[in-house]
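Participant: Pasting a structure here, questions to come.
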């Protein structure tokens, strides 16, 4: 992408041509066969590059910049190369090009290839690569394109697995390109658990494994003798997104911790909107057959019994159980019936109004401490009609999210 700015001097215009959008310049690949190197269909780009190239996501000093980051599909051995058609020259342009190479080297571990021949010879050894850790779950997904079922496996690994530390260093580089606020974790802390998804595929009659995605979970200590696993990062690599791997991974992780008597419940650190939707689906799927969520009990309202059963059997905390209840109650409610619909709306809005009520309590406190002229200013910020509108908007948004979860559940 070139950036053109009207009303610039000739020199400025010339320099503007040397700006490249780094999200387009970075070309990622997961390579299984030598021919993948030339196949543009196997290339994908980052969603973000601001953590490496600044908020503008621009590299200066090059025309036709390509930053190639190719990974062997299984063990993620890396090829890193920079290509461009021209570069600014200090002698003539008196400006310096960005040092793109050192910016990328900061996030990719050493030991990468810089030429294709070395990379292809590593590709031939890929047949020796096997997943790390303990197999937890195997599942199949029908692939239209291949016209067959493809098998996937989920493993739990830790830093004691030979070669895993180096593999994880290569794997985590993807976080920078696909999670907006990504950061690398301290792998020397033994409280981290790693869950990995692999695809099994055939190459010349042998079975090989390709990396699909992963999740990191941190085990917090809860007094006196429990832990609270917290999902930190989760990424399904772009070529595999939209196929249901995230749900398989999250459900497998839940089932892994459910079997542990020392786990209190499972939470997530700063979850994204997409993660919340995924979690809603997985938790509703797990909870729908619990006795406490029978239609009769759902219509009687949210209960302590639901909280207890979801926590004890499925390690789900109170806040998430409440969402599960609202989704399942929506399924059991005839929204065409005025009375049922009104009862559901009031029930959900009572929860949603919590933060507004807190604000009102704070105002009441202010009233006691502030002079009248200071008060009016604060009061103007909280208009009751506006509150009602916001509440209704939140409710409608929630119901539409919940309906999508129920649609997905009906297809599962």
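Each position is counted from 1, following the chain as shown.
Cβ atoms are placed via backbone N, Cα and C, with glycine included.
A TrEMBL annotation is a machine prediction, not a hand-curated record.
Worth saying up front: this structure is predicted, and the values here are computed from it rather than measured.
Per TrEMBL, the feature active site, proton donor/acceptor maps to 269. Positions annotated as domain 'Histone acetyl transferase HAT1 N-terminal' by TrEMBL: 18-180. The feature domain 'Histone acetyltransferase type B catalytic subunit C-terminal' is assigned by TrEMBL to 279-330. The site 'Interaction with histone H4 N-terminus' annotation in TrEMBL covers 192.
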Participant: Please report the Cα separation of residue 192 (site 'Interaction with histone H4 N-terminus') and residue 269 (active site, proton donor/acceptor) in Å, rounded to an integer.
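Facilitator: Per the Cα atoms, residue 192 (site 'Interaction with histone H4 N-terminus') and residue 269 (active site, proton donor/acceptor) stand 14 Å apart.
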Participant: Below 8 Å Cβ to Cβ and six or more residues apart, same chain only. Which residues does that give for the residue listed as 'active site, proton donor/acceptor'?
Facilitator: 218, 230, 231, 232
Participant: Which residue counts does DSSP give the domain 'Histone acetyltransferase type B catalytic subunit C-terminal' (279-330) for helix, strand and coil?
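Facilitator: Computed counts for the domain 'Histone acetyltransferase type B catalytic subunit C-terminal' (279-330) are 41 helix, 1 strand, 10 coil.
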